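Undergrad: The following block contains the structure, expressed as structure tokens.
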Amino acid sequence: MELPAVNLKVILLVHWLLTTWGCLVFSSSYAWGNFTILALGVWAVAQRDSIDAIGMFLGGLVATIFLDIIYISIFYSSVATGDTGRFGAGMAILSLLLKPFSCCLVYHMHRERGGELPLRPDFFGPSQEHSAYQTIDSSSDAAADPFASLENKGQAVPRGY
């Protein structure tokens, strides 16, 4: 099944609008959690070639699914008494229901940018960013004996006592 081509800006706009309406009734921790992840989404829009930006946005969306379940289950009974409370809670629930679909779309964008699902032991290892620079820890003969070139040029070589 082919996923529809949805712009990341549309995903951000929908979740921003639903989060804003959800903030009418839920605590500030709901707002901080969701708006922080939306800021990561803005970073992913600004840097179109960054795998880390879209990966962090994807991970944040997954995390907010669990956080929103906790927020809604704890505070729903106390806030859904009036019309405004039911509206805000409904928008937060709608945002929660759309997040798994958004995660699928963002994961598809992550794969298009060259990312892969980090299910390896070196998950917290080096970044997957592609650049023209060589790594410092590349193996070469100069790394094995750093003072070999100094002896050949007649320069003073530091000696251990």
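Even glycines carry a Cβ here, placed using N, Cα and C.
Features from Swiss-Prot:
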MOD_RES   SER127  phosphoserine
MOD_RES   SER138  phosphoserine
REGION    110-122  region 'Interaction with AGTR1'
TOPO_DOM  1-26  topological domain 'Extracellular'
TOPO_DOM  48-53  topological domain 'Cytoplasmic'
TOPO_DOM  75-86  topological domain 'Extracellular'
TOPO_DOM  108-161  topological domain 'Cytoplasmic'
TRANSMEM  27-47  transmembrane segment
TRANSMEM  54-74  transmembrane segment
TRANSMEM  87-107  transmembrane segment
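How buried are the listed features, and what sits near them?
TA: Within the chain, the topological domain 'Extracellular' (1-26) has long-range Cβ neighbours (under 8 A, six or more residues past its boundaries) at 34-35, 38, 41-42, 44-45, 54, 71-72, 75, 79-80, 84-85, 87-89, 91-92, 94-95, 98-99, 102, 104-106, 108-109.
In the predicted model, the topological domain 'Cytoplasmic' (48-53) has a mean pLDDT of 87.
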